[in-house]
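Worksheet: the structure to be examined is printed underneath.
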Amino acid sequence: FSIRQRYLITSTGALYILDVLPEDGLNNYRCTTRHRYTGETRQSNSARLIVSDPTNAEPVILDGFDHREVMINHRVELPCKASGYPMPKYRWLKDNSPLELDSRIHQTTSGLLIESTQPSDSGTYVCEVWNSYGTAEVMGRLYVKQPLKVVVSPRKVKGSVGSKVSLSCSVSGSDEYELSWYRNGEIIYPGNNVRFIGLNRENLMMEGMSKSDGGAYQCFARKGKMSAQDFVQVILEDGTPKILSSFSEKVVNPNEPVFLVCNVKGTPPPRCTWSLDDDPVIKDSHHHLGHYETHEGHVVSQLNVTHTQVQDGGVYRCTCSNSAGVVYHQARINVRGRASIRPMKNITAIAGRDAFVHCRVIGYPYYSIKWYKNSALLPFNHRQRAFENNGTLKLSNVQQVDAGEYNCKVMVQPNKMDSQSVHVRVRVPPYIQPFEFQRFTIGQRVFIPCVVMSGDRPLDITWQKDGRPIPASLGVTVDNIDFTSSLRISNLTPDHNGNYTCIARNEAAVVEHQSQLIVRVPPQFVVQPEDQDGIYGKTVTLNCSAEGYPPPTIVWEHSKGAGVPQFQPIPLNTGSRIQLLSNGSLLIKHVLEDDSGFYLCKVSNDVGADVSKSMYLTVKIPAMITSYPNTTLATQGEEKRMSCIAHGEKPIMVRWEKEERIINPETSRYVVTVKEVADEVISTLVIMPTLREDSGFFSCHAINSFGEDRGIIQLTVQEPPDPPEVEIRDVKDRTIALRWTMGFDGNSPITGYDIECKNKSASWLSAQVTKDVSPQLNQATIIDLHPSSTYNIRMVAKNVIGNSNPSNELTITTDEAAPDGPPQDVTLEPTSPQSIKVSWKPPQKHLQNGVIRGYQVGYREYSPGGSHQFTIISVDSTGDTTESIVLDNLKKFTQYSVVVQAANRAGTGPSSQQVVTKTLEDVPSRPPENVLAVAKSPEVISLSWIPLPREALNGNLQGYRVIYWANLPDGELGEIRNMTTSQPSLELDGLEKYTNYSIQVLAFTNAGDGVRSEQIYVRTKEDVPGPPAGVKAAASSGSEVYVSWLPPLKLNGIIRKYIVFCSNLHPMVMSEFEASPDAYIYRIPNLVLTRQYSIWVVAVTAAGHGNNSEKITVQPLAKGIFPQIISLTRILTFNGTVTTPWMKDIVLPCRAVGDPPPTIKWLKGNTNGTPTPVLVDGRRIVYGNGSFLIRTVKAEDSGNYSCVASNNWGSDEITLNLQVQVPPDQPRLTVTKTTTTSITLSWIPGDNGGSSIRGYILQYSEDNSEQWGSFPISPSERSYRLENLKCGTWYKFTLTAQNAVGPGRISEIIEAKTHGKEPQFAKEHELFTSINSTRARLNLAGWNNGGCPITSFILEYRAVDLGTWTTAQRTSLTKSYILYELQEATWYELQMKVTNSAGSAEKRITFATLNADGSTIPPLLKTGDPISDNMSGSGGLKMVVTITSILVVAVLVFIMLMVLKRRRREQRLKRLRGGAKSQLKSKDFFPINLLSKNTRTPDTVNKQQQTLRMHIDIPRAQLLIEERDTMETIDDRSTVLLTDNDFGETNKQKSSTVTHTVHYQSLSQATGPLVDVSDARPGTNPTARRTAKAGPAAARSRYASQWTLNRPHPTSSSHTLTTDWRLPTPRATGSVDKESDSYSVSPSQDTDRARSSMVSTESASSTYEELARAYEHAKMEEQLRHAKFTITECFISDTSSEQMTAGTNDYTDSLTSSTPSESGICRFTASPPKPQDVSRVMNMAVPKAHRPGGGVSTMGQTCLEPQRSRTLKRPPPMEPTPMEVPSPREVQQWQPGTASTLPHRDVRERGEAAKLSTSQESLLDSRGHLKQSNNPYAKSYTLV
């Protein structure tokens, strides 16, 4: 059968069946085993399970244990299974403590399973079992065994011969073990030099190591069947000392120190001694000895001799020795002094060896050293050698004849000798005659002599056995006689075995000789064989054992039968049934009857006689079944007979069993009969009638005294089969795979199966039947089904007996299959140059094969060069009849082919037919390249460029457009023109001569103009100039005339010179005079009185002479000659217009001639039409030559200036129109189009300030970003598209226009958002697709990206009772995510955060994992408030009373505070009015610094209709308030209250706006003019000016110095408090303006909805007393005390604008306008600094950002709610645009026909322009009121 969840096989082979069902009793059960090594398999007999109804019973242990052993890190199962009803429960204890289960230790169905066991798991385990009827327990002990591990230390052993070695063996894994040591594979026994230390001999100590002791040392540990070993290599080096460095022979002077060193190595470290002439050196005050060991292990020995004397000379020897050997070094040290010989000692020499005799000479020098013996000079034979240099005599191979006296003679002076004698004795060492032990047998006698054949006496002879003295217990006698020693043993025993050594000693040496004694022992029995019985088929051992030396050999012989023995050798072959054991016994396996008989054991070892002994083996026959049927068949209901025949030793008993249950013959259906035939017994079992349960295994058992046997008979009762049990193996879209379990086969082989299948709605009569499925199969697959359909399936089994009943009926629904049909009606609609809308309908219903979940839209370029791969986008199905998607980020004007596929859970269906369309046209994305311009003539420029490539056109090319304009000499720009062409070249004609042109080229399609090319500059060619624009001539005397002229209107080149022609008609004489090109006046002298002259002027360029000017006639005359003709005053300067940038010095020339010299007077036209004399002061000066200088010219200096020259004879007058150029006005910036990645801006230019717009600077910043980007834009453009922006992101934009003066006012900040929004999770999507006990699958397809790609996905989860979150972070969002390793039956918190560029979205949810059985767990319990839970009804009543009392007290306190505040307010008003006039005498005033607190509570909002409160803090200034005919001064920090009742007075006035003027007196300084801040322009420093009424200046009267505090008509339902205010404050000399860092607060929340509203403010007005009261009241409001917002700057009001006096409706219209605010309306915000001029930022207007197209938010309660302050950062300043400028301090000298250009002023100039005047002109009249004259310092501000 198949092992499923209900079946469990334990490690011991037991089968557990869980939740037994009735059908379990119908199965046959067999156990099959397989041999692990041989692979042999055996099958048990079958078993049947009897299933009965459960009855209440206490637990009974079915399987348990008493002990278990397991290796560490293996798994072990401790069985504990019990039966009982109700089903018992289990609990485990370890060492009497409850066992904590975890992932490693867990309870199973059959017991306790421990994975990866550890030593700590050892212990006593108790399994407690109980139910309601009783208890039981299983107790056992678990032993966790560790493998033995052996470690020998140290790991590396290096020693030397003679050294000591110590090894340690540590064993882990067991406390009990046996230890043994081996060297080179041989066991080590303890001895003289070998010792074992420790309880288990774990330490090995070895001394006196020899070379043979080196090698591998092993430590073996054994316990039971386990063993382990470790080894180390012991390396023994030659440790004999070796001298590495030493001293050499030297000569020293007396008292000179001597330092001798010996550096020696050896193992073990050697010891060194010093000698002088063979005498030890004694350590004293003159001889110092020392030694030390280096890090290499070398020994350094030192001898230091101080104050050497003659007796310190001689041969110094350093002798170093260790256990391995000796080494020495010697050298002679000569000390200067009288030579002599130190007394010498007698010497003993060993015969046969070398001997050295030293002559102990001291002193130096000496002449010679000679040796004599018996007066004969040595050497006199070959064995003698004398070393004359050091006085040493060597005697080789010393003989007895060498004995005697030797004389050493030293010649200390030429004729003087010194001598000493030494006696040499010769000694002979002993010599032992070799001997050997013969072969001896136990009990014999032994005599061994040891003879010393030579050697000096006396002699000492001793014996040793095995290296030690011979023990007395051995009874060995030693006899020593003279030079012999003998060894006598009277009775040899095995104990005498060993090595015997004879040792001989004398004065010369010690010698020894060794021989081994071996004692042989004849064999004898240790165990003798005896008669035995053997059982047939079993194993028997015939015992026989013997001993002897050498070890004896045992041979067995056999004689069959019980007759006279005839022994024959027994063949012993490898693997045979009969084997000889190592102890000599004979082993017979599987004894046979022929094995009976006599057996002889014979022992021999060639020592003495052999021994032998015989025995008899009797074989007994056990009971055996010799015949029985293995299998037999029966038909159900019939009689059945089965017989067994038994054989063996009688008596034999036979019994019958059925599957281990003894059959009782007395039962009604079973009968047993027995009969004996010869030696056999026949037993028969009769069954009548047979039933199904009779099928099984019957056994007949034969039993006698020597054994038993059984025969197993398988009885099969046949019947029709049971139906199979059918289950689903696999379900697919078109197939169903079945698997079935064969039921009871009726004990007859299944012949086949029939499978029936039908639709659920059909009957079984119409079922499709698959007949006769092979019985060998247990699975089948039904094919050709329809996807997503429901079927019924059943089976029938068949055998030869018949058919079974139908099986269980299955109901199955096939899986979904990928759709078989494509989507229908696919249509494409281009929606933009980069997007296409794709629409389609679902596939036909019968082809969907399931529920359509989504679609895959594939698109690619439909062009030869396009990609062959489709880009796939997945779209979720909406379920509508028509689906659609917009494909974005496509290529512009490109054909695309699109296919659509439907998808369900099974997959994706076929693609639709390709549909092709093309994206819409767009403007070209690149400018034409390589634009070249060449001037062909003075009026023609030829252009050429490279055509745009097709991929950059983005459409059908309609042509190219050339934009060009002239850059005029005065710095202005000419008319911007454009021409179109279809060719990549063009000629521009009709151009101005010698003029610099700016040219740009663009390509355009049907969608519009593309990107412009960079400006290129080209100048037309030079030509002859035109005539001078005007000529004047005037006689200054009787002989000279002054001529002046204007430059030509058409210069057509560079003027090289001017030629003045003077012609006299009578006679005809013409003179030429050359003037420099920058001279416009010339004096012609030497003219003839009374003659008339014609004068004209010609300009000259490189191209030649120009045309003549007009001719004028002049006649020099003197006074008094002709009274009617007098010397009139004439002005040579021409009338004209002078243009100059503001803030420059300008000179208006007026050159006049006359006699007498005329007087010059300058007048300026006034607004009433009457010229008045100009004011001459520090800023305005009239020079002596008549020129008029105006310093730091301002806008109000514009006008008509008249120069009047007069003398006594007349006057002349010219008029100059001075036009002051100012920076341009702000453009009106709007947003025209947005996409996901681009924003298109357009604008309307403002007033150009009198100078042509040179270009624009567009600045942009991402919302809440500190980084600002900028783009320069051509002056001819009116729109700009920013690409590559972030999706769904707000951006801020400003635009600044530039002219020749510089950058103008910055536009309002507008904000726009690219398409897209933050992600969202669709509510209709289920977040979890599946949850089990340890895992949860999330469906993330519900997240919508909002149109912007997902950039981050963060998922966190944790159990509700834990604090730590588990985090998973990804950069992309997948469709699903699986949470693994969750805890079973646990509530979890889950939070997700999905982010794109537009923002982020979060989702939180709780979920619970299931129980192990798949059931759900209880919901989370919310912890209630115990106080509230326990509160009774009376407690609730007490709480209500308490709250009511608190409210009453709060109302009373509020009323008291209001009364107190009113009294304080009245007291402050009295103080204010009483002290106001006393402040008017103060002269030091600062500009207004107005502060507003705009934080309102809801109470304040609700009272807004009753009282509008404003708080303006005036910390360092006096507020001068003018009303009709009165003036009041409000001191520092003083405030007044203003109410709506006061505002109501404005209803009585004609205008809906009441204007009050706030004046302040400028701070006086020591030097410089007064500063007029009324003309403070954005980006400039304020300078003084007067009002002007003339010409072009009137058109720019928006710079008039009136600022007004306004309030709209009070009936308006909108009220907004003023937010931030700050007015420019004049500073002292040298002060530096700083950028304002104060920002406003928008009254709407910072959300996209609030952002789309344009934020503006509302003005307010009333009497000044009312205004002061409003300030006081606002200051007393606690809710406004903590919010302090500083006003930035308002725009200067345009006094010509009707907006200032417009009604409420006009004002409201200005709020809803999508264009920049009109005059009088301020929008407060942080503003980017002025481009190109960072130092001018301090006085810049800061407009509030609004978004185009957004409506104004309702100015009601919503606008007045407290608002979070959002700081808007300013963009960084930009570098100034390079331009040609004159010297900073150059004065602009006007010349006829020229125009001044604006130089770029540096910081120093602006600082000087800000200097303040020292004059302290009173601004008050006699009544104390402000003078109403044309006072330039009266200021009126519109505060909104």
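Cβ from N, Cα, C; glycine included.
Because the structure is a prediction, the values reported are computed rather than measured.
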Pick from 808-839, 1224-1255, 1704-1735: which range does TrEMBL record as region 'Disordered'? 808-839
With the domain 'Ig-like' (147-235) as the reference, which stretch in 59-139, 241-334, 927-1023, 1027-1120, 1322-1413 has the largest tally of C-beta pairs below 8 Å? 241-334
Helix, strand and coil residues within the domain 'Ig-like' (147-235) as assigned by DSSP: 3 helix, 52 strand, 34 coil
Intrachain neighbours beyond the region 'Disordered' (808-839), with Cβ under 8 angstroms and 6 or more residues off its ends: 723, 725-728, 731-736, 738, 760, 785-794, 847-852, 855, 857, 859, 882-893, 896, 898-913, 915-922, 954-955, 1007, 1235
Going by DSSP assignments with H, G and I as helix and E and B as strand, what are the residue counts for the domain 'Fibronectin type-III' (1027-1120)? 0 helix, 52 strand, 42 coil
Across the domain 'Ig-like' (147-235), what is the average pLDDT of the model, as a whole number? 87
